[in-house]
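**Student:** Take a look at what TrEMBL says about it:
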- B:56-168: domain '3-dehydroquinate synthase N-terminal' (DOMAIN)
- B:60-65, B:94-98, B:118-119, B:K131, B:K140: NAD(+) binding site (BINDING)
- B:170-309: domain '3-dehydroquinate synthase C-terminal' (DOMAIN)
- B:E173, B:H232, B:H249: Zn(2+) binding site (BINDING)
There are 2 protein chains.
Amino acid sequence: MTVDINLDKNSYKIYINELENLEFDGSVGVVTNQTVGALWLADLLGRIKAKSVTLIAIPDGEAYKNLDTLNLILEQLFNAKLDRKSTLIALGGGVVSDITGFAASIYQRGIDFINIPTTLLSMVDASVGGKTGINNKFGKNLIGSFYQPKAVYCHTKYLKTLPNREFSAGVAEAIKMAVMFDGKFFEFFKKSDLKAKDDVIYLIEKCVKIKADIVNQDEKESGIRAVLNYGHTFAHVIENQTNYSKFLHGEAVAIGINMANNLAQKLGLLSKDESKQVREVLEKFSLPVSYKIKDTKNFYEHFKLDKKSLNSKIKFILPNGIGNFKIKDDVKEELVIQTLKEFI
Amino acid sequence: MTVDINLDKNSYKIYINELENLEFDGSVGVVTNQTVGALWLADLLGRIKAKSVTLIAIPDGEAYKNLDTLNLILEQLFNAKLDRKSTLIALGGGVVSDITGFAASIYQRGIDFINIPTTLLSMVDASVGGKTGINNKFGKNLIGSFYQPKAVYCHTKYLKTLPNREFSAGVAEAIKMAVMFDGKFFEFFKKSDLKAKDDVIYLIEKCVKIKADIVNQDEKESGIRAVLNYGHTFAHVIENQTNYSKFLHGEAVAIGINMANNLAQKLGLLSKDESKQVREVLEKFSLPVSYKIKDTKNFYEHFKLDKKSLNSKIKFILPNGIGNFKIKDDVKEELVIQTLKEFI
């Protein structure tokens, strides 16, 4: 099946479990990481027809989503003499697609980009929205661009080689969407253990459609799209404090969801039982829900560097019951500190 | 007066010799170089009202339009905690505006950008079109983005402190536009010595309007906009071979124009007399028209890396009489080599 992302000149299709042969008039660069490359590169190369194909393998891990790796990708593209009619393909998880999309957006002021996500997280989250970027010492995704792919190919075959922990990290982002937008979809997570392929396809389709709806309304994140950052305000600080190495992104988001729910409870937006339901679903998929905060004041200050905080006002994305959201930018510091203290 | 650049959501105005006070709700970063900063920063700061203003001075010169300087700018913006509602202002020539526009386009995935060009070249050329970028060891402007400013302020007061050589470099780009698009405008260069302020305002207005017309038709350089690269195919190689240090960009363009005209003559597109008229106007403004090529084959090979050469076909932008252009991508290598040999 396919899902259309309608963005005028930047429209594209997301193909779910549809195998396509990829044909190009020009040259192609394929960026993957060493782990995914060993498993899936041969399969992909067998389906590409192009003038020339250049392979670029980057080290595996969020720690490499930085300026040095970006520069390494760009230099290899220049060495291979890719021109403005060339296409860059990302084969991998969020790190590969974020950095490859960014490279495509700035190589000779922008060349075509195709995204082939191989993790559940990047299928449900990173494959829609056109966010590209890299991390630096100040935080996550602080340098980047909005750049839409020409096409996205999601396929569950890639999930067969995905470690369980990474699969669960993807489930966290799916749960995030259910809690924010769709109470019925949340019920699905109570029933399914996601062992059946059809359940996984349903999950991907559902998430892609929810996110496509949001992005169609708000391509550059000036309004409702910010809701997708539920859990992320907390998660970004946690990832930064643990050097992007202790938790997978989705795991940090699971903790962030639980922290946001704790705050939502204090504001009367979520009942104790609803908060517990969400926590139990997260735990069912072996996701972490707590993190020891060393210095609550320092943790709070870190929020202010977040891209979503306008002029130092901290914006919290909170559930308003399960299936609805509320954006609050006037939460009292004491209340947030109180929430953070429950995680010491 | 103002010139409108109509690009739907990305529309903006170019103000020519209109002084405006600049007011912002959010924070502002001002990027300038050390030379321009010493002359004009105080004047600009007196006109800015903002929540906070952060100054960033980069070294003066094309050699610094690189990844290191870009990173230095970004880090200072993060240190100053500029958020997504902040604005970045470029005060300087093409180097400052190219790198500042690029920084604005990737800082937190894009913040507002205002351009205040202080050289004639950046007023007539870089102020319209949204091209941003940096150089690397493979060539000029090979990394960058298309990113439109929110406003451009051109003012002839800045030209009072501009060295003559740099003024002439700007005139070269203006002559380029006249030869490509407007035979009557070319006559202006035969008559005026550009000492009168009104003549300079006329020149800026004329160039901005010509370029605005082109960019309105072709925002991302898929077609007619390539014509603005008349002289540049040759100029980029010259600049690269001389490490961006011997010639100013406009000077290299002047040489490139003369080389392109030589080739156009061989193709019967330009008469010997027309070629001479253009050369004489260039020389009238003390612009160089020749460059000793050491290795013609090597010079030719370098064309192929140019962004404008699709799939290794080299595209030449040539005058078709004065005031008209012709794009040729089937020029025989021997003919080009013959032209290059006349510059040995």
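Just so it is clear, glycine is given a Cβ too, placed from its N, Cα and C backbone atoms.
Unlike curated records, TrEMBL annotations are generated automatically.
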**Student:** For the C-alpha pair, I'd like the distance in angstrom between B:D98 (NAD(+) binding site) and B:H249 (Zn(2+) binding site), rounded off.
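**Tutor:** So the Cα of B:H249 (Zn(2+) binding site) lies 13 Å away from that of B:D98 (NAD(+) binding site).
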**Student:** Output, ordered by sequence, the same-chain residues six or more apart from B:E173 (Zn(2+) binding site) with a CB under 8 Å from its CB, or 'none'.
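**Tutor:** Looking at Cβ-Cβ distances below 8 Å from B:E173 (Zn(2+) binding site), excluding near sequence neighbours, one finds B:L121, B:V124, B:D125, B:C207, B:G250, B:V253.
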**Student:** Counting across all protein chains shown, how many other Cβ atoms sit within 10 Å of the Cβ of B:G94 (NAD(+) binding site)?
**Tutor:** 26
**Student:** Between B:E62 (NAD(+) binding site) and B:H249 (Zn(2+) binding site), how far is it from one CA atom to the other, in Å?
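**Tutor:** Cα-Cα distance, B:E62 (NAD(+) binding site) to B:H249 (Zn(2+) binding site): 9 Å.
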**Student:** Given the model, what does the mean pLDDT over the domain '3-dehydroquinate synthase C-terminal' (B:170-309) come out as?
**Tutor:** 92
**Student:** May I ask for the distance between B:Y64 (NAD(+) binding site) and B:H249 (Zn(2+) binding site), taken between their Cα atoms and rounded to an integer number of Å?
**Tutor:** 14
**Student:** Enumerate the residues of the same chain, B:E173, B:H232, B:H249 excluded, that satisfy the criterion Cβ within 8 A of the mean position of the Cβ atoms of the recorded Zn(2+) site; list them in sequence order.
**Tutor:** B:L121, B:D125, B:A172, B:K176, B:G231, B:A235, B:G250, B:A252, B:V253, B:G256
**Student:** Round to the nearest Å and give the CA-to-CA distance linking B:H232 (Zn(2+) binding site) with B:T119 (NAD(+) binding site).
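**Tutor:** Their Cα atoms are separated by 19 Å.
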**Student:** Helix, strand or coil at B:K140 (NAD(+) binding site), per DSSP?
**Tutor:** strand
**Student:** Please give me the CB contact count at 10 A for B:K140 (NAD(+) binding site), counting all chains in the structure.
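**Tutor:** Result for B:K140 (NAD(+) binding site): 22 other Cβ atoms within 10 Å.
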**Student:** Please report the Cα separation of B:T119 (NAD(+) binding site) and B:H249 (Zn(2+) binding site) in Å, rounded to an integer.
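**Tutor:** Given the Cα positions, B:T119 (NAD(+) binding site) is 12 Å from B:H249 (Zn(2+) binding site).
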**Student:** May I ask for the distance between B:V96 (NAD(+) binding site) and B:H249 (Zn(2+) binding site), taken between their Cα atoms and rounded to an integer number of Å?
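**Tutor:** If we compare the Cα positions of B:V96 (NAD(+) binding site) and B:H249 (Zn(2+) binding site), the gap is 14 Å.
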**Student:** If I take the alpha carbons of B:H249 (Zn(2+) binding site) and B:D60 (NAD(+) binding site), what is the distance between them in whole Å?
**Tutor:** 14
**Student:** Can you break down the domain '3-dehydroquinate synthase C-terminal' (B:170-309) into helix, strand and coil residue counts using DSSP?
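**Tutor:** Tallied per class, the domain '3-dehydroquinate synthase C-terminal' (B:170-309) gives 97 helix, 0 strand, 43 coil.
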**Student:** Using DSSP, how many residues in the domain '3-dehydroquinate synthase N-terminal' (B:56-168) fall into helix, strand and coil?
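**Tutor:** Helix (H, G, I), strand (E, B), coil: 47 helix, 34 strand, 32 coil.
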**Student:** Just name the winner among B:D60, B:E62, B:D98 (the binding-site residues) by count of other CB atoms within 10 A of its CB.
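**Tutor:** Max Cβ neighbours within 10 Å, all protein chains included: B:D98.
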